[in-house]
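What TrEMBL lists as signal peptide is 1-22. Per TrEMBL, transmembrane segment is recorded for 91-111, 123-150, 170-191, 211-233, 239-259. Residues or ranges marked as domain 'Cytochrome b561' by TrEMBL: 96-228. Annotation source TrEMBL lists compositional bias 'Basic residues' at 271-288.
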């Protein structure tokens, strides 16, 4: 393997676990060289353990530390498996996870809600349901990859897992909460539709469906930004995600507000019509009573 390839793999691993490595427990761990400088023992002082186990190990000796013959990470960079998992495959899964989750929450979930407000007639229900089901399937796939990453990635200190590392675990935890919320949406949507069709007005299921969806979409978008942050994504990618997410969220919010305003106006119009009809029937009844008495 060339030096260039080794450098690229090292950079990839550092980008994956950089937030965790920055944590104090990494530098305060005597097995990682303690608080010493770059001595002969890797990160520690002259006799520190660094990333190897012997004097002169760590980064200083080409035959130890990260090398295949040393006492540090015994698997070295040659097979990309120096932490017990396939680095290149993990980085690929991480990218696919982010793309799928962004597609679901930045595009499809808000779009399905917007279409519900602007598509006329009964077609709106089918367009809304179809779009949301597709988005749900995509996010379930993204969440499955995320769970796989949490189970696979091992960090070189502490408990060693992403879920146990405070500097990064908020992202998978929020992701799991959002997963539960979006999986519940089809059930809440069915109960809402059935009750509305039977009674002609919103019930508790209706409000649960609406607000569960609104909170889930917002949390999903925010969590995508947090994922980019902890992965140290390039600035241009973070900027693009922020801009597109903000535009879609504002459009979705405006569509929701417009829909509620239209609904309120329609309800007031229907109420006025009912009052006019009631007054008309009352006048007709009084007229018939006077005619009968005369």
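Cβ coordinates come from backbone N, Cα and C, glycine included.
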Contact yes or no, the transmembrane segment (239-259) and the transmembrane segment (91-111), 3+ Cβ pairs under 8 Å, gap 6+: yes
Other parts of the chain folded back onto the transmembrane segment (123-150), taken as Cβ under 8 Å at six or more residues beyond its ends: 90, 93-94, 96-98, 100-101, 103-105, 108-109, 111-113, 115-117, 161-163, 172, 175-176, 178-179, 182-183, 185-186, 189, 193, 220
The compositional bias 'Basic residues' (271-288), counted residue by residue under DSSP: helix, strand, coil: 18 helix, 0 strand, 0 coil
For the transmembrane segment (91-111), distant same-chain residues with Cβ under 8 A (at least six beyond the ends): 12, 16, 131-132, 134-136, 138-139, 141-143, 145-146, 148-149, 175, 182, 213, 216-217, 220-221, 223-224, 227-228, 231, 241, 244-245, 248-249, 251-252
For the transmembrane segment (211-233), sequence-distant contacts whose Cβ falls under 8 Å of one of its Cβ atoms, 6 or more beyond its ends: 15-16, 18-19, 94, 98, 101-102, 104-106, 109-110, 113, 139, 167-168, 170-171, 174-175, 177-178, 181-182, 184-185, 188, 241-242, 245, 248-249, 252, 256
For the domain 'Cytochrome b561' (96-228), the number of residues DSSP places in helix, strand and coil: 111 helix, 2 strand, 20 coil
